[in-house]
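Let me begin by presenting the structure, written as structure tokens, before commenting on it.
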Amino acid sequence: MAAAREELQKDLEEVKELLTKATRKRLRDVLMTEKHKLELEIKNQPPPKPKDAAEEEKSSLGGYTVKINNYGWDQSDKFIKIYISLNGVQKLPAENVQVNFTERSFDLLVKNLNGKNYTMTFNNLLKPISVEGSSRKIKTDMVLVMCRKKREEKWECLTQVEKESKEKEKAAYDTSDPSEGLMNLLKKMYAEGDDEMKRTINKAWVESREKQSKGDIPMDI
């Protein structure tokens, strides 16, 4: 949208320039019509949208931005603690290490650490946190993000997505029929395995079916 508006503005400036040089009435009438048309188009263009504050912050950063994926975490009765290792982070000015909290998320931004910027985002935290009670601490080669729990209870994992993933995995193997559980396991291994793994499972399956048809399978299998 911004680009289109800019092009229309350039066209309008050129028409205005031609108008100052035109002497023939017919040409001036055509240029005036075009001028009014362009002015109307520019007026009807939607205003440029303000940049999201976070995007504006990131776009103003110099250097290369690295997304942090490695971390450790722990918890106490009152806090969820996320440990992020960053060599030399303690040498930065305090304002270069920023964390924005919401009730179910936080964003970490570390600016200009050894010529790079580092970001980490956690969305859909398992349970609500207190924005006012949460904070960050800068330690030697580490940033500690402290999320204050709204309720003093144990979290089984960090995010809602992790919880749902665990529940699905548990449901896949939770069965009163041992052979069904084994089948689910084989299906998972087949789906996630490489070509060699798939060939091995196929071979074992064929051999198992052959033994079944001959009645050679031991009773305890």
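Any Cβ shown, glycine's included, is placed from N, Cα and C.
TrEMBL does not curate its annotations; it predicts them automatically.
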Region 'Disordered' per TrEMBL - which of 38-59, 148-169, 192-213: 38-59
The domain 'CS' (66-159) - residue tally per DSSP class, helix then strand then coil: 6 helix, 56 strand, 32 coil
Mean of pLDDT values spanning the domain 'CS' (66-159): 93
